[in-house]
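**Q** Let me begin by handing over the structure; questions about it come next.
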Amino acid sequence: MAEDSHRSSAAEIPVTSNGELDQSPESVFQRDAHFICPGPRDSTESRVMSSSYASTAEGIVESGPYKGSVSVPVSTVTPVAPSSAVAIRLARSSSDGQADADSTTADPKSGAVVLSDDLKNPAMEKLDLVRKWSINTYKCTRQILSEKLGRGSRTVDLELEAQIDLLRDNKRKYQNVIKLAQMLATQLSLIMQTQRQLGDAFADLSLKSPELHEEFGYNAETQKLLSKNGDTLLAAINFFISSVNTLVDKTIEDTMINIKQYEVARVEYDAYRTDLEELNLGPRDGNTMPKIEQSQQQFQIHREKYERMRNNVSVKLKFLEENKVKVLHNQLMLFHNAIAAYYAGNQEQLEQTLKQFHIKLKMPGGESPSWLEEH
């Protein structure tokens, strides 16, 4: 009976046609149940029945004092079947748990990135502006150096460039005229001061020299009249200086600011145009096509800016020319008439010239002291 029970238990172990252990889920479950709940065993001996032998003879191994070799027979059933099944189940459960953990941890990260993109701090915005400014400055500097070295091409509007050069030359000449007119006003002021002092001296001598009373008196009146006419001429010259100075330092300077902005836009346009041309000459692949598209967009933006600034400068130069002609026509007529009337001794015409241009003569606060009173 004992042999039948052992045979039946051994026969329950399924084996494939290759002599290997069957690892199907049903067989694994049956073997696990068998090893967990073994049947009653004899305390003196244990028998292992094998169904893999071809003969019907059964091999019995009795337990007792050890008499054999060092190697110990190891059962091929116990360590393989349960551990492999458990390993498969553990591997599946661990992979599912890792996938859940990855999906769980991915959402917070993505949420944090979205928040950081939505809520940009001013420091990052300033850093981005500095980066764009650095790239633009590098491109413009390279373009300017290449133009000065004769290696790069530049966009030139011949008509507009000629008008700008003429305006700059006229500005230098107008500044020189203002400088000379200021020198004339300074010298005329000194002459007037000398004439007043000389007239006072003649008047004093006229009182103290009865025999030359009339002669000293005529000269005193002449010098005082010249000094008075000098004040009128000086007022006309100062008005001329002030008007031309306003034309140069405000009207023309405002146009020069627009010209500088136009030149900066022209350099930026040429810089991005050169950059786009270099990219178009290179290979076209997956890495360069995004760069070419971005460069095309930047080139389009700076071309529109350049054209807009060019049109603004053209309009400014047109209005400046009209205003300049009107202002200088009146001021040159004032200067000519005042000088001519002064040196012709025509006091009435000189005063009429000031009235024509609505110039108010600033009367001095008091007469200058005579030469004798100062000394």
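Cβ coordinates come from backbone N, Cα and C, glycine included.
Curation plays no part in TrEMBL annotations; they are all automatic predictions.
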**Q** Look up region 'Disordered' in TrEMBL and report which of 91-113, 275-297 it refers to.
**A** 91-113
**Q** So which residues does the coiled coil (292-323) touch in its own chain, when a touch means Cβ under 8 Å and the partner is 6 or more beyond its ends?
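**A** Residues 155, 157, 160, 163-164, 167, 247, 251-252, 254-255, 258-259, 261-262, 265-266, 268-269, 271-273, 275-276, 279-280, 284.
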